[in-house]
Amino acid sequence: MPSIPHLSFALILTALVSCAAPIANAIDFSQLGFNRASTADSLLPVEDAFRSSAVVMTSERLRVRLDIAPATFIYRDKVTLAIAPPAAVQLGAFVLPPGEVKPNTARPDGSIGDVAIYHGQVEFDVPLQRQSAPAATALTLLVSYQGCAERGICYPPVTQPFELTLPAVDVQPVAAPVSTNSPAPAPVVTTPQDAIAAQLATLSLPAAFALFVGFGLLLALTPCIFPMIPILSGIIVGHGQTVSTRRALALSSSYVVAMALTYAIVGLIAGLFGANLQLAFQHPLILTLFAAIFVALALSMFGLYDLQLPSSLQTRLTRWGNRGNQLGGGGSLLGAAIMGGLSALIVGPCIAPPLMGALLFIGHSGDALLGFTALFGLGLGMGAPLLVIGSALGQWLPRAGGWMNTVKTLFGVVLLGVAIVMLERILPSGVTLWLWGTLLIVTSVAVLDVLTPLAASASGWQQVKRGVGVMVLIYGTLMLIGAAAGGRDPWQPLRGLVTSASPVAATVQFQPIKTLTQLDQALAAARERGQPTLLDVTADWCVTCRELEAQTFPDATVAAALRSLNVLRVDVTANDRDDQALMRQFEIIGPPMLLFFNANGQERRELRVVGFITPADLVAQVRHLAP
């Protein structure tokens, strides 16, 4: 068997070098203090110094919150509330918190004296007096305030409007929080991710770690983690017949811990600097490179060659306790750790409420330690099933004989499937359908021996193998036929032969936008028509986005509900400056995400959808958006 001792090392080195550019492009180094025009004494703009939010607590009570940046303060006597006319609601008598008395302080009118000011965060309730019938009532709350920086520079007065809807009086109190489009240092509890961010702010390190381990266990049941199962399995199987349960557990632990650390580090970068490295790693060149790596690993499983580290490096690693360093075959703890870290970056860029909630908390609070602990716990929770699977493989794998070669060959096929999953993000659906069909046909012939005559004395297992091979051959053939007929879905390969898109589904026409300016123009046009807006944030490499395209948007009830909306779509596949600016403006960590705007062009943040949503739930969200 030919040996290519340096191939694995070269592949990994090339991969790591290729990662440098996305990392550099993803991070805004001016935020790290490398911009000479920025100093620690720079004055914050007023929208960053002071943020406000309003929450509907009951049918007759509001809650207002002011978030004040460090080194700034707000004058207590400059905090006022009003309801914009016309309105069937009046403000009741409310009491502001006492505040902190600051002696010999400059007032906005230029005089000097003792004044009451607010630092940090201020929250108070506001009673309402309703004048009309006890039905759901809309109102516009105007929150006004003024403050200064500690260095002696005062800001102009600010008035922030909030569109709120009070529930009917005879309905039990329902929380209906609303916030502005601008992000706040501590998010208002409106969406699941905001609720998680707010809850995280109240937790200790151990409690945050335990909570996010639980979130990770729930995420492990989603498609986010599925592509990692064959990768880890291939690492363990590649170790050969000498693998033990203890060794399999060590390899699995190395993979999972590296994956969890990568999630935590990437999360810190995204939360503190607004750069999502997982998005940066979805560049077509990087996806193609790692698809090629999986193909190379698969070919080594087939016995075409051995992938090894250079002998000198093998010797050093052996001294460190990593025995059997066949990186491509999966023998070394270092190899498993590298694959775990890369898998977190490239294979599973899933955005879910727990992950987004942690990132929002990090970005708003700057508490790196608590955020890192939570994200590390999330990664460990997601990797827990991998530990179980890896340990089980170490116990159940055959120790010697032809079975071991068969198992390695099967896992080689699985790794080729992982390579296709990588390419699905950048290739047309018809091309990937053809690749799946080709893989199944080749597997049925070369691995399952479907064309080899079956002896009369064949055992039951050989007959089962033949039956599976025939089914795989048939399905692979159907995939090729479907690809030729314009099919796109591997689970419904012949759909293209039946009909084209249904007339109902065709009525959902998303208007593509790219920049914040285009979004503002589209919202202004919808506002003139009195039309609410739905913004779909998507990307070519987003697996869940494809699920929405295949299952949710074509649904007849969804199409009917969206017909009355101004439906927009922004594609962040390129992750360029325009994409990053839009995502930063609306605190979007990554796709998929659905944003809802009322007829006035203001976002209804409590209706945000992160991840997959069923047709029925989406229709319900649209109904909540209706005026």
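In case you wondered, yes, glycine gets a Cβ from its N, Cα and C as well.
Bear in mind that TrEMBL entries carry predicted annotations, made automatically and left uncurated.
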Among Cys350, Cys542, TrEMBL lists the disulphide partner of Cys545 as Cys542
Quick note, Cys154 (disulfide bond) and Cys542 (disulfide bond): C-alpha atoms separated, nearest Å, by 46
By the 10 Å Cβ-neighbour count, the most surrounded of the disulfide-bonded residues Cys148, Cys542, Cys545 is Cys542
Using DSSP three-state counts, the residues of the domain 'Thioredoxin' (493-627) come to 62 helix, 23 strand, 50 coil
Within 10 angstroms of the C-beta of Cys154 (disulfide bond), the count of other C-beta atoms across all shown chains comes to 15
Counting only residues at least 6 beyond its ends, the same-chain positions whose CB falls under 8 A of a CB in the transmembrane segment (409-427) are 227, 230-231, 233-234, 237-238, 282, 284, 287-288, 290-292, 294-295, 297-302, 346-347, 435-436, 439, 443, 447, 540-543
CA pair Cys545 (disulfide bond) / Cys148 (disulfide bond), Å rounded to integer, equals 45
Rounding to whole Å, the Cα atoms of Cys542 (disulfide bond) and Cys148 (disulfide bond) are apart by 44
